[in-house]
Structures are given as structure tokens and as C-alpha cells.
Amino acid sequence: MATLIHTLADHSDDVNYCAFSSSCLATCSLDKTVRVYSLSNFAELPYSPLKGHTYAVHCCCFSPSGRVLASCSTDGTTALWDARDGRRLAVLEQPGASPVRVCRFSPEATYLLSGAADGSVVLWNMQSLKLYRSGNVKGGSLVACAFSPNGNFFVTGSSSGDLTIWDDKMRCLCNEKAHDLGVTCCDISSHPVSDNENGFKYFQMASCGQDNQIKLWLILFADISGVELKYKCTLNGHSAPVLACAFSCDGQMIVSGSVDKCVIIYETSTGNTLHTLSQHTRYVTTCAFAPHSPLLATGSMDKTVHIWQLDLRQPCAGDTVENKSKVAVEDWSEDDVSAWLCAQDLADFVGLFKMNNIDGKELLNLTKESLANELKIESLGQRSKVLQKIEELRMTMISVSVPVPDEFLCPITRELMNDPVIATDGYSYEREAMENWISNRRSSPMTNLPLHSLMLTPNRTLKMAISRWLETQQK
């Protein structure tokens, strides 16, 4: 399931963090530098390494579009870089000049969050590059943070062991003592979890700490009175403090790295260990899944970053975690499709798909129109969910050696577009994502400037280009 395919060994000191965009991998280190690599061949980009920080770089992250890279450092600053040419765009100075330990973009790139050793947490307005809001956690350093997929709230973790949920006005919504010896990392899955009993949608969060544990949590906006944070379970397996954790983009796996030098990949739904990777020779400090290709990166105090290729083939009927079917998706039987639907939390559609004789080939050819007109799925939300899962399935069939061209990805969802449209800001978006966007706001997702018109024009040229590219990748 996980094969080591490349090792990066350019840093001269501990690797602290690694982050993916759709086409690049960024790494940062105690050696004061940020390095950026192409995912097509893992070659370092011509402008790399990025130099400018005067002390260790603790964290780095890409904006949702992949065009801006942020990095933060012991020098008390968060730097913004143009990911296309390496130009430094801005330097944001943390109030109090405390060492900045973590940074994250909001899903819409409206804000950049930075957290520091003195407990300060700052939201920077990405349009003005000015401080928007600030706050503080009590009794420890701020060492971890994660935004919800909808951007309505974010979570911070501190060295005192607390997890705190904040809204985008920097109001504290909830605080929970999570790890007795201190939180080290946290992540929120981009896929909500259904509560079949009450019909609610939960956000699923993972946190890890100095207590050797990874804990799973469910976050629910219960009503206007606040937020409910529910403990779900603990994932065991590490014998020493866990320094990093991350969800896969589909939410089905969690990866963790530890002082015990091991990387463990878990199945989210069951908590079962899928793989234990032990190739690093010192503490594993960071791990990250790529957003649109089956890649995992892990970084360590051994000064290296390992790149792993994952076998993400969907399970067929009768498969186990250890023994995945090698049958190509287009050769799946109707029973195989039924098993896949169940694995994707789409079991309600098994009878409908069987009644319409949907096998693997038919599955891959389903469209928004065929789901509505032929299968008679009336709910737009249900059609969108099925199409999203089918698109994820198509993506697992594409070779890791060829990254998805950035212009084929919707800037809002960062997923391959099925129905691209051009907005009046000149950018192309997935129609449904842009329609949802403009139903709540009248600004451009890319520039934050007002849209002078809400007209969306089909981009047929781009749609044809995406179709041709998919055909070449799936041969």
C-alpha cells in the first residue's frame, strides 16, 4: 500500500514541516530555509531554496490556489512567497515578536492564521496584509491549528494540552483539555461525518500529543448557543510522543509520525493500522498527504523527507485491508460497485445502482445529467456527493508521475472540474462550487474584489481539454 519512491536530502538540519499544493511540495527546516520541489519529478525548483528567515523555520503552507506559500519562524515573522517564482511578497511581524510556530490559510484564502510561542494567535487579512484579529491561549505556546472546511471556525492546540475552537471573529467557542502533556498537532477532515441517528453533520478532527496518543473528535455546531466537541476514540500504536498527524483528502486515512521514528497509517472508520513505516532514523516531525495524487510525504530530524506512493485502489467485494483486489475499476462487476458504494457511505444507492445494472465501466461514465435523468436521483446534494466520490475514484486511476495541471482544478474546491464556467473576474470555476459561492457573497474567490456581474459562462474549451487529458491518463 505504501512504497518509498524518493528521498529528499537537501536540508542541512532537522526537517520541521512539509506541505503539498497540487503541483509542488514545500519543506522547511532548522537550517532557516524553505525548499520547493516539483511533483512531476521531485526536482527542486530553480528559485529554491527560499532564504530570508534569520532563524529556524517551523511551518509552511500553500494557499488554496497554490500560488502563495507561507512560512513562519523563530525570528517572529511569517513570510509570504510567490510559489511561481519565489519572490517574497510580504513579511508579517507577530505582535510581541514571539517565535511563530504554526501558520495556516483559511479555505477561501481570506485569512492567514499564525500562532506563536507566547500563546498569541493572529488572523491576517490576505487582501490588505494587515492584522485582522488577535487572541491568546492561556498557559502555553500555540503549536497547532486547523481550519474547518467551510472556514467558519478554526481549532488551535497548545503546549498546555488544550484544544480551543474559535470563530472567524476570534471568539472562543469551546475549550477542552485534550492531551495531558501537551498537544503537538491537529487536523480537521475535509469530509463531514453523518450522525444517522439525528441527521447531523459532524466535522471530524484528529489531535496528537506528548502522551503518545492520537485522539479523534467530532465537532458539531449544535445550535446558536455554541459548539459541541465530542471525544470519539483513541488510536494507539506509537510508543513515544506523537509529533504530527494528518487526514487524507478523502478522510478515509490518518497518518501520524512520532519520536519512536515510525510513521503509522490508520483507517479512519475502524482505527485499524494499515501500515507502519520505519525508514526514518530519527524523530518523525511532519507528515502530509498530497491533495490530488496518491502521495505521502514524511519529514524527520534525520534531515530527510521521504516520498511514499500509496495504493489507493478502492476495495471490491470480499477484499480485506491487507488484500486489495487488483481488478481495474472499469472491469468491476455490479457487486464490486455495490461494495464500493458501501465503503463510500453511499449504501442507500446500492439497490438503485443494481436495478440499473451499473458496473465499473458504467460507474465511470456517470454524469450529473445521467444521475438526474436516468437514475432519477432528485436531490442535488446526493448527486453531488456521488459525483465527488466518482471523481475521487477516477483520480486514483491516474498515474502519480503526471500531476493534474493546475488550470484544470477549481480554485474553490481544488478538485478536477467537471463543468467549468468563467466568472466575470476572468477565472474559471466548477459551476456548482461557484454558484454556491455567489449565493452567499458577491466577491471573487481569487481576488476578493466585488464581482460586477454574477453571470457564469460555460468554458467549453477548458471542458474539452480536461476530457482529452483524462482520456490520455486512463489509457
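Backbone N, Cα and C define each Cβ position, glycine as well.
Note that TrEMBL annotation is computational and uncurated.
Features as listed in TrEMBL:
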- 50-91: repeat 'WD' (REPEAT)
- 100-134: repeat 'WD' (REPEAT)
- 146-167: repeat 'WD' (REPEAT)
- 235-276: repeat 'WD' (REPEAT)
- 277-311: repeat 'WD' (REPEAT)
- 332-396: domain 'SAM' (DOMAIN)
- 403-475: domain 'U-box' (DOMAIN)
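Only residues 6 or more beyond the boundaries of the repeat 'WD' (50-91), in the same chain, are considered here, and those with a CB under 8 A from a CB of the stretch are 13, 16-24, 26-36, 97-105, 107-109, 112, 114, 116, 124, 126, 129, 406, 411-412, 414, 446. Per-residue confidence over the repeat 'WD' (235-276) averages out at a pLDDT of 93. Packing against the repeat 'WD' (235-276) from elsewhere in the chain are residues 1-2, 181, 184-191, 204, 206-216, 282-292, 296, 298-300, 321, 392: each is 6 or more residues past its ends and has a CB under 8 Å from a CB in it. Sequence-distant contacts of the repeat 'WD' (100-134) (same chain, six or more residues past either end, CB-CB distance under 8 Å): 58-65, 68, 70-74, 76-78, 80, 90, 92, 94, 140-151, 154, 156, 158, 166, 168-170, 412, 445, 448. Counting residues per DSSP class in helix, strand and coil order gives 0 helix, 23 strand, 19 coil for the repeat 'WD' (50-91). Counting residues per DSSP class in helix, strand and coil order gives 0 helix, 14 strand, 8 coil for the repeat 'WD' (146-167).
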